[in-house]
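Per TrEMBL, the feature active site, proton acceptor maps to Lys189. Look at TrEMBL and you will find Trp13, Arg33, Tyr49, Lys106, Ala138, Arg253, Leu272, Glu274 tagged as NADPH binding site. As annotated by TrEMBL, sn-glycerol 3-phosphate binding site applies to Lys106, Gly134, Ser136, Lys189, Asp242, Ser252, Arg253, Asn254. Per TrEMBL, the feature domain 'Glycerol-3-phosphate dehydrogenase NAD-dependent N-terminal' maps to 5-156. Here TrEMBL flags 178-313 as domain 'Glycerol-3-phosphate dehydrogenase NAD-dependent C-terminal'.
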Amino acid sequence: MSMRVAVLGGGAWGTALAMQMRRAGNAVALWARDEATVEAIRRRENPAYLPGIEVDAGIEASTDWAATLDGAGCVLAVIPAQSLRGALAKVAGSVPADVPMVLCAKGIEHDSGLLLSQVAAEFLPNNPVAALSGPSFAADLANGLPTAVVIAAREEPMAVRLAQAFSTERFRCYSTGDLVGVEIGGALKNVFAIAAGAVTGAGLGASAQAAMVTRGFVELRRIAQAFGAEPETVMGLSGLGDLLLTCSSAQSRNFAYGLALGRGESLAGRPLAEGVATAGIAATIAGRRGIEAPIISAVAAILAGSITINEAVSALMTRPLRAEAG
Ligand SMILES: NC(=O)C1=CN([C@@H]2O[C@H](COP(=O)(O)OP(=O)(O)OC[C@H]3O[C@@H](n4cnc5c(N)ncnc54)[C@H](OP(=O)(O)O)[C@@H]3O)[C@@H](O)[C@H]2O)C=CC1
Ligand SMILES: O=C(CO)COP(=O)(O)O
């Protein structure tokens, strides 16, 4: 089943997904706010976000969102989490009724604590909302390397249809009805990726790294459970899968941010690291709901400058001893 896919966002992930949508046989229109990005994509490149990669032919790039959205069978929102609200406020009126909005960013809205599906529902109450998440670096996808992701929609047949429309033999899309579980996995793994980078950057060793990621996964599981997510989702591509990827590779911008933090390097002007904005609100949500999430709280406090990495490690290691389960 092919259709016209509208992609909102001309960054690394928006461009890579637009390329994938073409490879899956869909007509693709991409909106970027920046004329230079649009012109670059028309020249089949995006040097600012995917340097050295040839962009696939046939992507209709434009700064005119109404033209991009016209006739779309589905829309991919690939705008950073903290900017999604502003972007939807502008474009929502041009999104055709009943057309699914597929959220591809990974984060929790910092000012409201809302999941991105809740933000989207404010602007598009009549459109089905889905989320696409899982272990997938933009450059890997653009370079045609294989991976698997999951597409979630409360109406599961919609997720199945989207998975069929987006998949190729290099991009395998699973489907689920657990929208909240997929969103929480994608958002929280970024916070632990920052922690993993910081552990590496501070030279704390591979053992500390594995211990931190494992206990981080326990926090992810607790928060997901409190939101009503299914345990299988947390164990899946958007939870464990993306945690494994981004906590182990400096190709992750969140990991790289943590690495710089751990090494005491400057953090100014770095590429997007969604976990920075998500850490604080995730710690607040955990606190409000009485969920034990000491690693998330430590990352939030380090990012806020209220404790050092060494102080955080000491505090985490001297908490009262407890049973592992629970
Ligand atoms: N890169 C990756 O490997 C992956 C990224 N993601 C997720 O996708 C989301 C986007 O990431 P990614 O594309 O990599 O980020 P980039 O930093 O590469 O690009 C961000 C894009 O969003 C645009 N943008 C930023 N703010 C606004 C706004 N207010 N209105 C309209 N456009 C805006 C930027 O435009 P401009 O250039 O004009 O600033 C740019 O085109 C993130 O949530 C990320 O976690 C998910 C999986 C993989
Ligand atoms: O989400 C990603 C891969 O699945 C990309 O991670 P970063 O945003 O940390 O680069």
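The backbone N, Cα and C atoms fix where each Cβ goes, and this holds for glycine too.
When the recorded positions Trp13, Tyr49, Lys189, Arg253 are ranked by how far their Cα is from the Cα of Gly134 (sn-glycerol 3-phosphate binding site), Lys189 comes first. In sequence order, Ala81, Ser133, Gly186, Ala187, Lys189, Asn190, Asp242, Glu274 constitute the residues six or more apart from Lys106 (NADPH binding site) in its chain with CB-CB distances below 8 Å. Counting every protein chain shown, 23 other Cβ atoms lie within 10 Å of the Cβ of Arg253 (NADPH binding site).
Counting Cβ atoms from all protein chains shown, Asp242 (sn-glycerol 3-phosphate binding site) has 27 others lying within 10 Å of its own Cβ. The two recorded residues, Ala138 (NADPH binding site) and Ser252 (sn-glycerol 3-phosphate binding site), have Cα atoms 10 Å apart. The shortest Cα-Cα distance from Ser136 (sn-glycerol 3-phosphate binding site) to any of the binding-site residues (Trp13, Tyr49, Arg253) is found for Trp13. Cβ environment of Tyr49 (NADPH binding site): Gly10, Gly11, Ala12, Thr15, Thr37, Ala138 lie under 8 Å away, each six or more residues apart in the same chain.
Broken down by DSSP into helix, strand and coil, the domain 'Glycerol-3-phosphate dehydrogenase NAD-dependent C-terminal' (178-313) contains 98 helix, 0 strand, 38 coil. The distance from the Cα of Trp13 (NADPH binding site) to the Cα of Asn254 (sn-glycerol 3-phosphate binding site) comes to 14 Å. Between the farthest pair of Cα atoms in the sn-glycerol 3-phosphate binding residues (Lys106, Gly134, Ser136, Lys189, Asp242, Ser252, Arg253, Asn254), the distance is 15 Å. Listed binding-site residues: Arg33, Ser136, Asp242, Ser252, Arg253, Asn254. Those with a CB atom under 6 Å from ligand 2: Ser136, Asp242, Ser252, Arg253, Asn254. Among the binding-site residues listed (Trp13, Tyr49, Gly134, Asn254, Glu274), Trp13, Tyr49, Glu274 have a CB atom closer than 6 Å to some atom of ligand 1, in sequence order. In the three-state DSSP classification, Gly134 (sn-glycerol 3-phosphate binding site) falls within coil.
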